[in-house]
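A.B. asks: Here it is: the structure, laid out below.
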Amino acid sequence: MVKNWISWAVANPLIVMILTVVLAIGGGYAFVHVNIEAYPDPAPAIIEVVAQFPGASAEEVERQVTVPLEVALAGMPGLDTTRSKSLFGLSHIRNQFTYAREYEQAKQDVLNRLASVNLPAGVTPQISPASPIGEILRFTIKNPKDPVTGKPIYTLSDLKATQEYVIQRELLRVPRVAGVTGVGGTIKRYEIQPDPDRLRQYGVSLAQLQTAVGNSNANGSGDNLTQGQLTIVVRSLGLLGNGQDPQQQTLAMANARTAAEYLRSEEARRCREIRQVVVASVNNVPVRVDQLVDGGPCLNADGSPRVDDGRLVTRGVVIGYQTRQGRVGFSKPHLDADGNRTFNPDGSQVWDDEDDVVQGIVLLRKGQESLPALKDVLAKVEELNQPGHLPPGMQLATFYNRTTLIDKTTETVHENLLVGMALVTTILLMFLGNVRAAVIVALNIPLALLFAFGVLLARGKSANLLSIGAVDFGIIVDSSVIIVESIYRNLMRTDDADRPIEDRILAACGQVTKSVFFATVIMVCALLPLFTMSGPEGQIFGPMADTYAFALGGALILAMTVSPVLCYLLMKRLKPKPDNVLVRALQWMFLVQLRWLLHVRWLALAGFVGVLTFTGVLAANMGREFMPELEEGNLMVRGTFPVNVALGEVSGRVKQLRKVLQQFPEFAVIVPTIGRPDDGTDPTGYYNCETFLPLRSEADWPVDPKRGRPRKKAEMVHDLEEALDANFPGVDFDISQIIRDNVMEALSGVKGENSIKVFGPDLDVLEQTAANIRDTLNGVPGVQNAGVFRVQGQSSLEFPVDRQKCARWNVSAADVQAVIQSAVGGRAATQMQEGGRLFDVTVRWPARLRADQESILAIPVPVGGNQVTAGNQFALAPTPASGGAIGLSPIGTTMALPSPTGDAYNAPNVSTGTPVRRLSDLVTPLNAKGQPDEANGSFLRPGASTIYREQGQRLIAIKFEVRGRDLASTVAEARAKVDPLLKVPYRAEWSGEFKQMEAAEGRMAKMFLVSLVLIVLFLYLAFHNFLDTLVVLANVLAMGIGGVWALRLAGLNFNISAAVGFISVLGVAVMNGLLFVSAFNGMRAHGVPLNDALLRGTRQLVRPVVMTALAAILGLLPAALSTKMGSESQKPLAVVVVGGMLFTIVALNLVPVLYSFYGRRTPPAGAGDMAH
């Protein structure tokens, strides 16, 4: 079939050339339009479920939300692991599926299960749009400053509302965008702050107030009314604020200050409307909200304000905000009029700081193309920044855009490709000695790559830096080298010059048809581990395998069609000439070396065995890691504070952190984020501060005074760690990069590169065990930043309901809980509609009456429904009044009942006759044993901060990093010290990068063994002799020696990228050995003496073997030497290829020497067919 294909191509050169032009044009189009990602997504389908349970403790969230969700989601097809976090007010469940499960199908399975789960009222689980590499753009909303005061014009609530209701909705319309996460700012709400004295005076309870406000905010429908020929819709309008959107009116305004004043006046108007809501009627006189709130009435009888100075009333009915879940700061260098950075007299850089900003994060849908999405998102950002889309003065300011990363890394790869291609072409020219032959072979490189890009585009697949930059040109041109070199050699002969050139070309191709086929089969077998990769390494190197397969297939097709045709067109008048000086010099050098080695072959064999043994020992002790750290152009610094720290305290410490970070001029901006987004997609608390630090281009890094030169990134990170440790004792810091950090968390469920998960039932024991492990890890060389993700430490002010006390007053636990929730946390009575925006209208106690434990215990609780009669032997003993707002006594009401105890708290209220008790009369503190104890109990109780679970079991995580030492040996030493610390039923699991490394090495080892077995079988089919097969495999060992030493000399660890390098050159090493043995067998079969056969065969093969080896070396040499962004993932692979192929050249005479030990026997029939 191959011969017929070549014959057809030579007979139809015009068609072949037309098809070649079509391939070039189509491939060029594909190269321009195929999607290119900086780094592939290594994670499988991960569906995150977020359920917010406001006000619930971690234990309650686990019991009532997390566990039911885990049970409901268990057993889904393809579900691999379920991990969850339960913390105050939030349940976060991460469902990780197998790689075989499609994301959309997994998502639908989760949605189907969520529809049937029973959860507490108000808890609605949502699917998070986040994915490990989904963050493609970050921005802040620019808040204009007042030119007079210098203060921000708009409130944080204005910015937050604009982000949620305008910006987010517009960006979600962009194709490929999965979501927009907002962090920072405040969510506005209208707060009604009742005065307890006034509630008592008018006989109104909190429940009545909430019901009245809720009932006064609705529109109604009366269906329609027919009037003659017309139908008129009948409606009642009762919305507070008329439902109009005030921000919509600001879009036409030109001045930000005017717009802000208008927004404030509209808020004041709505507050006045709330004050006019009627709650009750006493003696036919309406009681309004205005008369019940803190600070007293502010309105006249007609509803007009008593004092209207254009500002909001600061008490009673106010504009507040929901409990903040996070806070974002922002620092950027201060620039002068020319856009240059400015400096203080002491040489330090000047920064512009903002303590509170609103940040937006645009998330890419899983599996979608980032470059087209970014293009559309940036266009939408530009559109939103045009007048009329946002309130005047507001602007979106992007500070992170993945386009920069993709452009820089792509530039690095393209540079390496062009340089490598030029070097390969030069090598071909030098060895072939003919410009036309070199050009014909070299043309296969770009054409094969264009063919691969065309197939990728046709199949809708994306390329990435590995798939483009790690393809070995020596492998791609191997088939073309075989065919063109054979044609060139035959056309140089004079004994059949009279034959037509078509026949001579076909004859030359016929000589190597079997070689080409066998070379392709061996290459496919060698690359089998690459084609069958699974897990994270399969996601990373899968596109490379696709590109390899398509490029190899394209190169084989081109070698059998285009190369013979071009030889036919360009080599018609070749004149015989000897090999060039370079080839003759190499032949002389290797032949002199071979003659000497044949004289001392036992010494040579011993030397090879010695080098092999020493290299094996070196390889066994070589450092191992999962993947080299890919340069992203940023840092992510995570600081972990005590778990019960307040937002204000962390904010103060973060200001100090910003000052420390500002001492590093390598940072472009500084963006610290405290806590979590309001949507709960990142489950953490105030104790967690993640500072995003985009880096300036390394060319712009200034000279470091200590070193007298710009710092390298590793040096800068080391200095940063020292500065953080010196300035923040007791705070755990991790330094990573944003994509790497997200990926490792997605794969392991822990925020950190590596972690130990300790499983067990008791949180206290888990915490103590984790502390012991952390201390042990700190003593292991290479381990840095070891820290415990604490599960305990969140103090809670708990008020246990005393059922006996409640029974005496006919009060249920729900009544007490409702009062606490409304008075302390605030309960939404209704929502204020402002166009399409909804803001809670909340009834909440004034801050001074809920500031501490004593004030909360003094909150009044209605005890309606209790009948107290004179002489009741079960009446409560007198309770001493403590005064304050709830010391109630009857004030002239005919409904008052006599109090047998004389206790004012048994007195009815003025309007309803309902007795009122304090919260302290209905709750009893617990002692250390959890028993009610008035004397020794305490309402302040220790509790869980975050409860981690995996596969239904509780766990605690200890995170750590490895610096200055390889991962494998560090974990081996740490594991030996940690294992004795664990006692049944507690167990540990090592997770993160180490776990991925172990799993990947196991999978690759199995496939490598399969590949080697197949290669051995094919070699045996070729030679019918095991000795020949073993000699060929010795060449593989030589290649391995070179690769190991190259890694050692380059200071690199063995990782998956390096393993792919070994796999890439395996086929070339096998083919080179096969050519030598086949040539020797062929000459021996024709009666050539052994030594002569070895010398003649080596002389014949020096040119093709060294040429293909150097082509492979120089093709990846730029990648092996590059230090630019984007080279990290290719570097180990390229170093192995360069080192392995270089040692193959150095040890070129290994195969002849080994063959000399047994080559005097007569070779089996057909054992020399591969000589070409």
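From the backbone N, Cα and C atoms, a Cβ is placed for every residue, glycine too.
Curation does not apply to TrEMBL; its annotations are automatic.
Small disclaimer: the values here were computed from a predicted structure and weren't measured.
According to TrEMBL, the protein carries these features:
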TRANSMEM  439-458  transmembrane segment
TRANSMEM  505-529  transmembrane segment
TRANSMEM  549-569  transmembrane segment
TRANSMEM  604-622  transmembrane segment
TRANSMEM  1004-1023  transmembrane segment
TRANSMEM  1029-1047  transmembrane segment
TRANSMEM  1059-1081  transmembrane segment
TRANSMEM  1101-1121  transmembrane segment
TRANSMEM  1133-1155  transmembrane segment
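I would like each feature placed in context: is it buried or exposed, what are its neighbours, and how far apart are things?
C.D. replies: Packing against the transmembrane segment (1004-1023) from elsewhere in the chain are residues 518, 521-522, 525-529, 532-533, 537, 1029, 1032-1033, 1056, 1059, 1063, 1066, 1070, 1074, 1077-1078, 1081, 1163-1164, 1167, 1169-1170: each is 6 or more residues past its ends and has a CB under 8 Å from a CB in it.
The list of residues near the transmembrane segment (1059-1081) in space but at least 6 beyond its ends in sequence, with Cβ under 8 angstroms from a Cβ of it, reads 470, 472, 474-475, 478, 515, 518-519, 522-523, 525-527, 529-530, 541, 544, 1001, 1004, 1008, 1011, 1015, 1019, 1022-1023, 1028, 1031-1036, 1038-1040, 1043, 1093-1094, 1097-1098, 1100-1101, 1104-1105, 1108-1109, 1112, 1132-1137, 1140-1141, 1144, 1151-1152, 1155, 1159, 1163, 1167-1171.
Under 8 Å from some Cβ of the transmembrane segment (1133-1155) lie the Cβ atoms of residues 466, 470, 472, 474, 590, 593-594, 597-598, 601, 604-605, 608, 1031-1032, 1034-1035, 1038-1047, 1049-1050, 1052, 1057-1058, 1060-1062, 1064-1065, 1068-1069, 1072-1073, 1076-1077, 1080, 1094, 1097-1098, 1102, 1105-1106, 1109-1110, 1112-1113, 1116-1117, 1119-1120, all in the same chain and six or more residues away from its ends.
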A.B. asks: For the transmembrane segment (549-569), I need the partner stretch with the highest count of C-beta pairs below 8 angstroms, choosing only from 439-458, 505-529, 604-622.
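C.D. replies: Most Cβ pairs under 8 Å with the transmembrane segment (549-569) come from 439-458.
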A.B. asks: At a C-beta cut-off of under 8 Å, are there same-chain residues at least 6 beyond the transmembrane segment (505-529) that contact it? List them, or none.
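C.D. replies: Distant contacts of the transmembrane segment (505-529): 2-3, 6-7, 10, 475, 478-479, 482-483, 486-487, 489-491, 499, 545, 548-549, 552, 556, 559-560, 564, 567-568, 1004, 1007-1008, 1010-1011, 1014-1015, 1018, 1022, 1063-1064, 1066-1067, 1070-1071, 1074-1075, 1169-1170, 1172.
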A.B. asks: Below 8 angstroms Cβ to Cβ, which residues of this chain, lying six or more residues outside the transmembrane segment (604-622), approach it?
C.D. replies: 597, 966, 1034, 1037-1038, 1040-1041, 1044-1045, 1047-1048, 1053-1054, 1147, 1150, 1153-1154, 1157
